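Feature list (source: Swiss-Prot):
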REGION    1-20  region 'Disordered'
LIPID     CYS91  S-palmitoyl cysteine
LIPID     CYS94  S-palmitoyl cysteine
REGION    101-130  region 'Disordered'
COMPBIAS  101-116  compositional bias 'Basic and acidic residues'
REGION    180-207  region 'Disordered'
DOMAIN    266-405  domain 'DAGKc'
BINDING   ASN276, PRO277, PHE278, THR308, GLU340, GLY366, SER367, GLY368, ARG434, ARG440, ASP652, GLY653, GLU654  ATP binding site
BINDING   SER333, GLY334, ASP335, GLY336  substrate binding site
ACT_SITE  ASP335  active site, proton donor/acceptor
REGION    506-525  region 'Disordered'
Amino acid sequence: MTLKPSKRRKGRSRHSRKKQITSAILTEEGIMIKAKPSSPYTYANRMADKRSRSSIDNISRTSFQSNISRTSFQSNSDNNSIFETASLISCVTCLSDTDTIDRSETSTTDTSKDDLSANPKLHYPSVNGQLPANTVIPYGRILDARYIEKEPLHYYDANSSPSSPLSSSMSNISEKCDLDELESSQKKERKGNSLSRGSNSSSSLLTSRSPFTKLVEVIFARPRRHDVVPKRVSLYIDYKPHSSSHLKEEDDLVEEILKRSYKNTRRNKSIFVIINPFGGKGKAKKLFMTKAKPLLLASRCSIEVVYTKYPGHAIEIAREMDIDKYDTIACASGDGIPHEVINGLYQRPDHVKAFNNIAITEIPCGSGNAMSVSCHWTNNPSYSTLCLIKSIETRIDLMCCSQPSYAREHPKLSFLSQTYGLIAETDINTEFIRWMGPARFELGVAFNIIQKKKYPCEIYVKYAAKSKNELKNHYLEHKNKGSLEFQHITMNKDNEDCDNYNYENEYETENEDEDEDADADDEDSHLISRDLADSSADQIKEEDFKIKYPLDEGIPSDWERLDPNISNNLGIFYTGKMPYVAADTKFFPAALPSDGTMDMVITDARTSLTRMAPILLGLDKGSHVLQPEVLHSKILAYKIIPKLGNGLFSVDGEKFPLEPLQVEIMPRLCKTLLRNGRYVDTDFDSM
């Protein structure tokens, strides 16, 4: 009894595998699906479809238009009328949502290595049904492309009926020809079909196509619910290659697609992945395996995965790894693992080579994920991975921390922030409720504010921009040059590709500030204009690691002491280099990647609760720095001397001892991956 339905399902499955190969062309924005010529077959289907849908036609159209970013299309031919409606406003979100990603990649071993060069035939779900005419697959989403040597048996030409084999005569029909011309053409086609059926061969028909039409399989990242997943689609792409002495004609099309898809970024990255299985809610491994790994393999990145087993393990891993085998370290974690990796590389005898060769980035799988939100503009693991694949290698400033207990042995590097007072205690003392995720920060801050606890100390500062007006001028001056000042890459407005594509405008994100308008990205076109010739200027040297203000030499004379009336009643002391310190906390809206300064924010513990309310409510927008009770400055270095007997510092979310802390900026020391070559736009210039 149970076998019969199973056989019927299998039979239907085999029949449903017959799919269409669609024609496409290359455009400046991506690969665009060509408008398909009408035929008696499609015309009859359209008429039948209209009759069956006449009673709900208006409803279906309204529903589609109001839910375009989340609409899922079925794979049968009854949707042709909807595709006609959508043709002018279609995008990659219109593709079928019925397939699931391949779960076979979810390895359970502690370490694994995946190299696509050894397994070039990875299988990804294909797109069900036709792609609407005028759909554009942006270069920013294309992961890989390759030629298909032979036409798959389960495909047929989208321009002909499913019962007829491929024929070049149909592909050459004008898109504007009328029904009579189509009928005449099909008569000729049927004659050709009878001959081909007699010889049982379709290869002769394929060879009659234009020599500039190639059958290509494209793997791209398609939105699925709140993520992106790799999908493949076979396309007949019309492309006439330019004359080239170093490219063969048959290689030119795929090479051109990949060049446009990976402009200004490294192809086939060699990635060393460090996963903290205990980070966040303990789901880092699952998030990486299901959300990130399929995209990395689809883009032909070679990856090696290791897992941390205890606090500080990533320091040892980075200190002992073979840096010649990799160009990127991806931390599938929160912000703690990038901190350990940076310091592990710093402790290497060949740290100069390590920081020159390797880019450090984050796949958000922890509680904070500030690095991903600031650099990739997203807290979503799959979108962050797509940005990792497509982003520009950029140098950012680091901060060097010195305390008496470890300064002589080895100073510590910080990429994110240092904090003392209310925020520090909240960050560290809520570790026991890590299972709550980011909500633990909000709960801890609210509890500490109600207590109005003071953290007396002495603070000495070397300012770069002391007042808020000076800071604003500094920000406006460096926003358009500081962040990409040292990038030797080439881009112009006529050939911008994925780097100006909004990866997240097709799904609702938890962080609304991640969504960027296309106009904002257009402003970056004139920023990325450096010459590739002098790449050695971007290399750091040993002297770049030299500390300008050693801890044992005392406080320099040009440093200013903060008013004791403020420092003795300190509520929050926070310095940082990235705009976000958590997915929903824009604490340093004026932070820039490489402006040579860090931001300092200070509050007074005596501030009333009624005045603290707008400060806290403005953290998600970054408007808290505009409040008169908040001190906001750009600084080059500082020293803070606590007066309490117990407490702690938090550096990049890690606990540091309560003893004098001295920090200075170290310009452009670390190489990371920034979307569009800059931090996420905080709109600080319009505040």
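Just so it is clear, glycine is given a Cβ too, placed from its N, Cα and C backbone atoms.
Projection of Swiss-Prot feature records onto the structure.
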residue: ASN276; record: ATP binding site; CB count, 10 Å: 24
residue: PHE278; record: ATP binding site; CB count, 10 Å: 18
residue: SER333; record: substrate binding site; CB count, 10 Å: 32
residue: GLY334; record: substrate binding site; CB count, 10 Å: 27
residue: ASP335; record: substrate binding site; CB count, 10 Å: 26
residue: GLY336; record: substrate binding site; CB count, 10 Å: 23
residue: GLU340; record: ATP binding site; CB count, 10 Å: 25
residue: SER367; record: ATP binding site; CB count, 10 Å: 27
residue: ASP652; record: ATP binding site; CB count, 10 Å: 30
residue: GLU654; record: ATP binding site; CB count, 10 Å: 19
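Cβ atoms within 8 Å of the centroid of the Cβ atoms of SER333, GLY334, ASP335, GLY336 (the substrate site) belong to the same-chain residues ASN276, GLY279, CYS331, ILE337, PRO338, HIS339, GLU362, GLY366, SER367, GLY368, ASN369, GLY653, site residues excluded.
In this structure the alpha carbons, written CA, of GLY336 (substrate binding site) and SER367 (ATP binding site) are 10 Å apart. Applying DSSP to the domain 'DAGKc' (266-405) sorts its residues as follows: 61 helix, 35 strand, 44 coil. Using a 10 Å Cα-Cα cut-off from SER333 (substrate binding site), the binding-site residues that qualify among PHE278, GLU340, SER367 are PHE278, SER367. The predicted model assigns the domain 'DAGKc' (266-405) a mean pLDDT of 95. Of all the binding-site residues given, namely PHE278, SER367, ASP652, GLU654, those whose Cα is no farther than the 10 Å limit from the Cα of ASP335 (substrate binding site) are SER367, ASP652, GLU654. In sequence order, ASN276, SER367 are the binding-site residues from ASN276, GLU340, SER367, GLU654 with a C-alpha within 10 Å of the C-alpha of GLY334 (substrate binding site). Classification of ASP652 (ATP binding site) by DSSP places it in coil, neither helical nor stranded.
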